[in-house]
Each structure stands twice: as structure tokens, then as C-alpha cells.
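Visitor: This is the feature table in TrEMBL:
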- R168: active site (ACT_SITE)
- S218: active site, proton donor (ACT_SITE)
- E310: active site (ACT_SITE)
- 25-189: domain 'FAD-binding PCMH-type' (DOMAIN)
Amino acid sequence: MNSDIHNLLPGVKTNVSLAPHTTFNIGGAARYFFIAKNIKDIIEAVSVARKCKMPFFVLAGGSNVLISDKGFPGLVIKIQATSYKLQATRLYAEAGVSMETLVREIGKKGLAGLEWAGGLPGSVGGAVRGNAGAFGGEIKDSVISVAALDEKGNVKTLSKKQCMFSYRDSFFKKKNWIVLSATFQLQKGNKKKIQREAKEHIAYRKEKHPLEYPNAGSVFINCDFRKFSKELREKLKDVVKTDPFPIVPTAYLISEAGLKGLRIGMAQVSEKHPNYVVNLGAARAKDVMRLIEKVKKEIKKKFSVALEQEIELVS
């Protein structure tokens, strides 16, 4: 049945390297690769993969993912559905629109609500799926509704409540539904103030994050302060942040465990921001995974907490 994919999905390519399609610049080839230029293309590609009984993976901005060195044995659907529309203070955006584009464009209009995402890598689809957040803001704060493709290939529109947003999580992540588009409610504000705030966040990321190297973003989500022992809570109380509940930055824990700069092959725990693993040039996925497992083990040993991985391994 796999041989029919070229007839069923015109434009599909074979044996395409996935590394250039990720912010980590790591990974092998996709057996089949298709660029979905609109929502109709996404739905069609998923339908074809299911007809061919072929595994598929949806890739958008390419952040928060680590592709296996062996690549992906099925169909990778690259989302380039990048239409967006503003009507007064309401914003509709397809899954492939970059968060950077949205922040810039709504800032020009003097609309507030997403300035916290200044400099955030990735796309709307990924941001909604993982309820992305920074600087005290989260995607869920502005979402009205989300259109997604369910496991049967039906398009469903979910309200904010139905999206079940939680810390770096959502209904879509739990159920593996595919985000197609999202509608946001913004607020009128001071144009200069909004743009200044977004620029400050971009500058902060450039200063504090290792953007000079390929990376996938934060490797782990921050740790819930309430999950630490009473003794450790007393020791950690001065580093606690609210995001949106009391958390201990994972970067702090990694640094305290003496893991900053730890290197395996060409993969390294960033010295600039220890919750990042950077690709120093020709890192392999297996080296990154060995680093991740090492960090998990050491943090568990030192702080008795289990780190929760934010980046997704695709194999």
C-alpha cells in the first residue's frame, strides 16, 4: 500500500533529511516527506497516511523536537499553513504561523496579549499543543478556540475549557490531536509599550539563552516547588518563581548539580542556560538522549524529583 502514496499524495518526496527542518539541526531522513501549504493539505496528508497504514508525524516550526539519527520510517507532514487574519481585536492564525510573526504583526496594530512570546521559537500549532509560556504569560491566556483534527480524521473546534490547558500541556498533547488553527482574543493597548515589551523579551532571550548554537528550546519543564521535600523547600525558597504557580527553575537545579557544560560527543548542556542542550556542530540524537538521561539521573539523586521532558523524541 505504501507504493500508492505517490499517487494518493502528489508532491510527496522520498528520503528527505529532517535535520534542516528542526531548530536542533539533528536527525536522519523521513521515508516520505510532504509540505502541507494549507489546512486542506494537512487533512489530506493525514488521511493518506492512515489509508496506507503508515506512521506519520506532523512537524511545524521544528522546535521542541529531537529527531532520531535513524530518521522517521513513515510520512512526515511539514506544516506551512501560514494564513492569519485580524478582525478588530480577534486574531485567527493557522498552525504554521510563527509566533515571531504574530508578535510582530499584532504589535504594529497596538494589540496586547502575546507580547510575552517575543522571541519565542516555533509556531502556533506547537505553542497551543504545549501551552507555551514565558514571562508570566501563557498561550491559554488569549485562546478563545482551537480547530484540530481528531484521531478519526474529523475537524473539531474546541473551546478554551475543552482544550484542558495546564502547565506546558493540553488536551491535544494528551490525545495526540493535530492543531490546525487557533483564535485569540487580544486587547487594545499602547502600541509603543507593547512593542517595547516584546523587544525586551527578545533581547532577554538573546542575552540569556544559547541562541548562537542550534537547540530545541527548554529540555525540561520547570519543577513544581510543592513536589520537593520540606527540607529542600526551605533551601530552595529563595529561587522560587511564579510561572504561573510556584516553580523552581530546572536550570538552577542542573547548575547546582554541577552539570553545566557537561558534554557527550558534540552535544552539550549549555553553560549559558543549563536547561538547554546545544548542538556544537555535528551532534547526534543518541548523544543528546544520553545527556538528557544523565541529567535526569543526577537531579533525581540530588533533589529526589523526576524531571519532566519538554522536548519530544521522534523515531
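Numbers run from 1 along the shown chain.
Yeah, the Cβs are placed from backbone N, Cα and C, and that goes for glycine too.
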Visitor: Expressed to the nearest Å, what is the distance separating S218 (active site, proton donor) and E310 (active site) at their Cα atoms?
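Guide: About 7 Å separate the Cα atoms of these two residues.
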Visitor: Pop the mean pLDDT for the domain 'FAD-binding PCMH-type' (25-189) in here, whole number is fine.
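Guide: A mean pLDDT of 97 is what the model gives the domain 'FAD-binding PCMH-type' (25-189).
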Visitor: For E310 (active site) and R168 (active site), what Cα-Cα distance in Å is obtained after rounding to a whole number?
Guide: 8
Visitor: Within the chain of R168 (active site), which residues six or more apart in sequence place their C-beta under 8 angstroms from its C-beta?
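Guide: Spatial neighbours, sequence-distant, of R168 (active site): G130, N131, A132, G133, I221, E310.
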Visitor: Just to be sure I understand the packing, how many Cβ atoms besides its own are within 10 Å of the Cβ of E310 (active site)?
Guide: 18
Visitor: 10 Å Cβ neighbour count around S218 (active site, proton donor)?
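Guide: There are 23 of them.
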